[in-house]
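Report on the structure given below.
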Amino acid sequence: MTAIQHFFKTFFLTELLKGLALTGRYTFRRKFTVQFPEEKTPISPRFRGLHALRRYENGEERCIACKLCEAVCPAMAITIESETRADNTRRTTRYDIDLTKCIFCGFCEESCPVDSIVETQILEYHGEKRGDLYFTKEMLLAVGDRYEKDIAAAKAADAPYR
């Protein structure tokens with residue numbers, strides 16, 4: 001680019017006019033704003049939301065305390081403590097997820113051999129304090145119990161792709 005061309009581009013502000021023309025084209029188009037609490041957008045079937053722990057049909061929790069989810073978690077958001085029962089099976093005594101650390105990658109769900117930990121379609125949860133986003137085993141089991149039908153349906157729909 002020669003010095004004269006550069007002078008005319010900067011003197012007549014051609015870049016600025018191109019930007020204003022682009023802005024003007026989008027000014028009168030239809031807006032894509034969604035009024036969130038009243039209007040909902042469609043959620044992907046593979047959306048990863050709030051975590052839940054599942055139980056078997058007989059009421060026993062699925063988690064066998066293999067700690068694969070704790071090992072695979074890149075954010076180190078999962079803490080598990082376990083003990084051996086009288087029948088030589090391991091079960092968790094503590095299963096905590098810190099949602100302030102969690103990046104919702106889904107590795108915990110993928111690594112679980114018994115489909116104990118799942119990520120639900122729930123996206124509307126909050127906490128007033130930092131401690132409200134620290135989910136214990138009992139809280140995760142309560143979420144799983146409450147939404148078991150939805151979780152099972154989502155797992156069945158996603159089964160052909162896994």
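Keep in mind that glycine also has a Cβ here, set from the backbone N, Cα and C atoms.
These features come from Swiss-Prot:
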BINDING   Cys63, Cys66, Cys69, Cys112  [4Fe-4S] cluster 1 binding site
BINDING   Cys73, Cys102, Cys105, Cys108  [4Fe-4S] cluster 2 binding site
DOMAIN    54-83  domain '4Fe-4S ferredoxin-type 1'
DOMAIN    93-122  domain '4Fe-4S ferredoxin-type 2'
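Comparing Cα positions, Cys102 ([4Fe-4S] cluster 2 binding site) lies closest to Cys69 out of the binding-site residues Cys63, Cys66, Cys69, Cys112. Secondary structure by DSSP for the domain '4Fe-4S ferredoxin-type 2' (93-122): 5 helix, 9 strand, 16 coil.
Each of Cys69, Val72, Pro74, Ala75, Ala77, Ile78, Ile97, Ile103, Phe104, Gly106, Phe107 belongs to the same chain as Cys73, Cys102, Cys105, Cys108, is absent from that list, and has a C-beta within 8 angstroms of the C-beta centroid marking the [4Fe-4S] cluster 2 site.
Cys108 ([4Fe-4S] cluster 2 binding site) counts 24 other C-beta atoms within 10 Å of its own C-beta, drawing on all protein chains shown. Neighbours of the [4Fe-4S] cluster 1 site: apart from Cys63, Cys66, Cys69, Cys112, residues of the same chain with C-beta atoms within 8 angstroms of the site's C-beta centroid are Ile64, Ala65, Lys67, Leu68, Glu70, Ile80, Cys108, Ser111, Pro113, Val114, Ser116, Ile117.
Note: Cys69 ([4Fe-4S] cluster 1 binding site) has non-local neighbours Ile78, Ile80, Phe107, Cys108, Glu109, Ser111, Cys112, Ile117, i.e. same-chain residues 6+ apart with C-beta under 8 A of its own C-beta.
The distance from the Cα of Cys66 ([4Fe-4S] cluster 1 binding site) to the Cα of Cys73 ([4Fe-4S] cluster 2 binding site) comes to 13 Å. For the recorded site, Cys66 ([4Fe-4S] cluster 1 binding site), the DSSP three-state label reads coil. Comparing the binding-site residues Cys63, Cys73, Cys105 by how many other C-beta atoms lie within 10 angstroms of each C-beta, the top residue is Cys63. In this view, Cys102 ([4Fe-4S] cluster 2 binding site) is surrounded by 21 other Cβ atoms within 10 Å of its Cβ, with every protein chain counted. Between the CA atoms of Cys73 ([4Fe-4S] cluster 2 binding site) and Cys63 ([4Fe-4S] cluster 1 binding site) there is a gap of 16 Å. When the binding-site residues Cys66, Cys112 are scored by other C-beta atoms within 10 Å, Cys112 scores highest.
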